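A short worksheet on the structure shown next.
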């Protein structure tokens, strides 16, 4: 019996190319389908039909929208940084697809006479690769906001940079729990280690922290502050149009699929069939091509939760959001990691009786309780200093809120000839160009 | 020369070239982007040396977090689009001397310490997570912990500096 990595190493080149194309197609088709599904489900939740004109049930709506975007004029603001403005959508789309390469879609199958695994590569540090890719994707957002040269995208990208970095820490810490349990960083090993039990109930705290931080990491409602349309017009992609805008859309949805697939892999047993089905005929449903069905099904469960959250929850305020990340998710994950490490050490040490283990755990719980009691009470008065509350108890932002200026442009480009007049992005940016000073 | 060596040389050249561009470009944000290229090329070098864990941690921490924070800082203060003439410093020669001196010292130390050392990249276990982890926490645990204390001190210092309700009165005005 070969390991997954050895199986994949034996792949001929054409088989790898087939897998690459299949993964790319999966990402794109899932994007088109998810946009349709989201609009239909949110429509249903809001008592309206949603798109239902193009194709059966409106299924071809996203395709029509994509085609429409491709035929739109590609506008570049005069004050934009040309190269960075062009590169940003590409930088945000490529890592999203890269992360797919280490996700195991299924176990060993025979494909065109070749015995192989349904996974493009199986790296010993696969989980790290996915995390690294999602942290690279943030460059696309940060740079697009800056290079657009107008204030709203800049605000959106600033928010996004802070948000993704904060929630990446919580996400990484929640994954550490899984790694401590499975003793491996490889995605296929993690799926194999879940044969005895899925991690979402063996590691409930890790699962909850991951589920919250994956919504924060993908900038989705209720954590969609970087593109809060009521505050920032469109956020980082306000100045983008045509296919560049489509690339941002693609990146967002592919990222959603990637974090959902990773959640499936880490916590829901990957491609393994759910319990009553896995017992049929000695686990025949866990072999061959069946696992793809379970994998896609579980991924769709997470994707539906994404849509569900968007239809249910209002957007968080920025300070609430940051407080949740840094003061709740990170400390909880740290305590949880210590607990897992301690229980690992206890179980792996020979000669420790069950009574001693229980005593250790009792001591641990007492320490936690003492800490919980020593925590200072929550002071409500603090909040009111920063956010004035009106009579209705509805928090309002301060009235003297100042909007930062757009990134100043030092050297003006040669005055544009009237013949090739380009679109002005925003009046503010144009006015700023006139003054040209760099102070905030 | 093996294939890995053939790729290693251009990767090293990319790392070196983009590092030079970091300090010579006169566009602030592009300097940060060249830094990304330099760190990425370095991660590629680690990959070629079969140090997978170090390579991906390099991408995750340095490329994915540190430079994003740098960009965040640059944009929060002021990040002009286009050239900034005031980025040129009059201390060019002194900076060059210090940089060359530092590089010379580091190269001498590394060459002196590891000239005869060699690792076998054959089975790929030299840079695996297990080997790196065991080395880090068995033989290098003291420097590792010292570094984390250093980082903690930097964190506490940053908080003390940025909070106005503790420490010496900050002068008013300026930034809001």
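Counting starts with 1 at the first residue shown.
Positions of Cβ are set from backbone N, Cα and C atoms, glycine also.
Looking up the ranges A:46-64, A:198-216 in TrEMBL, the one annotated as transmembrane segment turns out to be A:198-216.
Residues A:245-268 are the range that TrEMBL records as transmembrane segment, among A:245-268, A:389-412. Sequence-remote contacts of a segment are chain residues at least 6 beyond its ends whose Cβ falls under 8 Å from one of its Cβ atoms, and for the transmembrane segment (A:198-216) they are 163-164, 166-168, 170-171, 173-175, 177-178, 181-182, 222-223, 259-260, 262-263, 266-269, 272, 305-306, 309, 321, 324-325, 329, 332-333, 336, 340.
Here the transmembrane segment (A:12-37) has long-range neighbours at 51, 58-59, 61-63, 65-66, 96-97, 100-101, 111-112, 114, 116, 119-120, 249-250, 253-254, 256-257, 303-304, 307, meaning same-chain residues at least 6 beyond its ends whose C-beta is under 8 angstroms from one of its own.
A Cβ distance under 8 Å defines the sequence-distant neighbours of the transmembrane segment (A:288-308), meaning residues of its chain 6+ beyond its ends; these are 34, 37-38, 41-42, 45, 105-107, 109, 118, 211, 215, 218, 220, 256-257, 259-261, 263-264, 268-274, 277.
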